[in-house]
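Remarks on the structure that follows.
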C-alpha cells in the first residue's frame, strides 16, 4: 500500500481543495476581461489543473505541454526536454502556466523563455507548491498555493518514478523509498 511509503501528510486533501478554490477566485479576478490560454504542465499538474479550472469563472482555453528535467531521478538534470508541445499558438495570448511544484525552477524558466520567444502577450504562473530551497533558476510564481520544505513530496499529481500521483494529499516520501 502506498501509504506505508509516506513519512507524513504535509498538506491534507481538505487543505488543498480550500486553497484551490482561493486560487481560482484570484485567477477569476486576474483574467476577468481576457481569454487566457491555460497551459498545464504534464503529468504532475493534471489533478491541480482539473480542480483549479472549475473555480475560474471566466472564459479560458486549455492546452498541455509535457516537459521534463527529472526523468526518473529525484534531482533535476538541468536539461529540459519537450516531450509534448502545445497544439495552440501562444502568439499574442495571455498565458497562464499551471504547475504542480516549482523546485529547481529550470523547467519553468525554460517555458517562460520559450513563450516569450513565441511572442506571448503576457505570461503568469500559478503553482500549487513552491519549494524555494531547491531553486536553481531565478523564477517566481505569480500565484502560489503552499510553500513546502526541502523534502521529497508526492501525491496530488507529484510522483516518484511514476508512482504516488493518485494520492489525494501531499505527503513526504520516506527516504528509504528513493535511496534504495
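Keep in mind that glycine also has a Cβ here, set from the backbone N, Cα and C atoms.
Other Cβ atoms within 10 Å of the Cβ of residue 103 (active site, proton acceptor), summed over all protein chains shown, number 27. Among the features that Swiss-Prot reports, active site, proton acceptor is placed at 103.
Around residue 165 (diphosphate binding site), taking its Cβ as the centre, 17 other Cβ atoms fall within 10 Å, counting all chains. According to Swiss-Prot, the feature diphosphate binding site maps to 43, 44, 165, an assignment based on similarity to another entry.
According to Swiss-Prot, the Mg(2+) binding site annotation covers 99, 100, on the basis of similarity to another entry. Reduced to three states, the DSSP call for residue 100 (Mg(2+) binding site) is strand.
Feature annotation from Swiss-Prot assigns GMP binding site to 131, 152, 153, 159.
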_For residue 43 (diphosphate binding site): intrachain residues, at least 6 apart, with Cβ closer than 8 Å_ = 66, 157, 159, 165
*Which binding-site residues sit within 10 Å of residue 99 (Mg(2+) binding site) - Cα, from 44, 131, 152, 153*: 44
_Same chain only, sequence gap of 6 or more: which residues have a CB within under 8 Å of the CB of residue 153 (GMP binding site)?_
10, 101, 129, 131, 170, 171, 172, 173
*asked:* Of 44, 100, 103, which is closest to residue 152 (GMP binding site) if I measure between C-alpha atoms? They're all recorded positions.
replied: 103
_Looking only at 43, 44, 165, which the record lists for diphosphate, tell me the maximum pairwise CA distance in angstrom._
9
*Identify, among the binding-site residues 99, 100, 159, the residue whose Cβ has the fewest other Cβ atoms within 10 Å in this structure.*
159
